[in-house]
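Noted in TrEMBL for the protein shown:
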SIGNAL    1-34  signal peptide
DOMAIN    31-225  domain 'GH16'
ACT_SITE  Glu111  active site, nucleophile
ACT_SITE  Glu115  active site, proton donor
CARBOHYD  Asn119  N-linked glycosylation site
Amino acid sequence: MGSESMASYKSSTGILIFLLISLLDSSLIVSCTASKFYQEFDISWGNGRGKILNNGDLLTLSLDKASGSGFQSKNEYLFGKIDMQLKLVPGNSAGTVTAYYLKSSGNSWDEIDFEFLGNLSGDPYTLHTNVYSQGKGDREQQFRLWFDPTADFHTYSILWNPKLIIFSVDGKPIREFKNLESIGVPFPKKQQMRIYSSLWNADDWATRGGLIKTDWTRAPFTASYRNFNADACIWSSGRAACSSKNSWLWKQFDATSFQRLKWVQKNFMIYNYCTDTKRFPLGFPPECSVNM
């Protein structure tokens, strides 16, 4: 094979391998190091409505008219890459919210949120994201998903390091929140956080601003979790144990990731606080000049 043909062959092969890797279900990647739920989490409320099943490989939360349910991590973390696979409440999920987030304690808490707002059968879920720093949030971005999140499990990830926070779905970045302390924007980097998740009734606001109420004849509502993985700095004895081998600790956006982010935001973002002129008539928050 001539040098030009060999170069062409290598180029084509490289592209093919890249495409195959891109098309891999993220569950195959996460499950290699997935942890048992009973090792990593406690059911924190719900009076039996939260269950750890299948020898610790599956966790379910349920909601009925009497109560929802929730769980929290045994560990606290200061920076990390957190992956969780969720399958959301199917059918008419209007009024329900499935929340999956990191949060610190205290009145000036930090928080990194995924919230899944239910809807009527056949209508899409709304994926709601937010970032709190020192007790201040109001940094909402919302998305539609490009798949049915009730038909199968999908991976929802938070990468959190001292420079940025990246929200991802099935390995595709959907939101970046940069550390902009240099212009006076607080960033979550000093408070350790636990992982929490809950399934609860929020029909006063969750679906079409509260116009659509929860249909309790369809209860119990159930959300399912599997393949949790935390490649993270665990907080212990007043410090975070990190390794220089944690590649996510130095992660920054490259050109490919940036293009994927812009594709998602162009096609699937339905709300961005940084473009809401009615909410901010006197000008947008300072981070909006960078965190789009």
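For all residues, glycine too, the Cβ spot is worked out from N, Cα and C.
Because TrEMBL annotations are produced automatically, they should be read as predictions rather than curated entries.
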The rounded CA-CA distance in Å from Glu111 (active site, nucleophile) to Asn119 (N-linked glycosylation site) is 25
Filtered by Cβ under 8 Å and at least 6 apart in sequence, the residues in the chain of the residue listed as 'active site, proton donor' near it are Val97, Thr98, Ala99, Tyr100, Tyr101, Leu127, His128, Thr129, Asn130
Counting every protein chain shown, other Cβ atoms within 10 Å of the Cβ of Glu111 (active site, nucleophile) number 18
Other C-beta atoms within 10 angstroms of the C-beta of Asn119 (N-linked glycosylation site) total 19
For the domain 'GH16' (31-225), the averaged pLDDT of the predicted model is 94
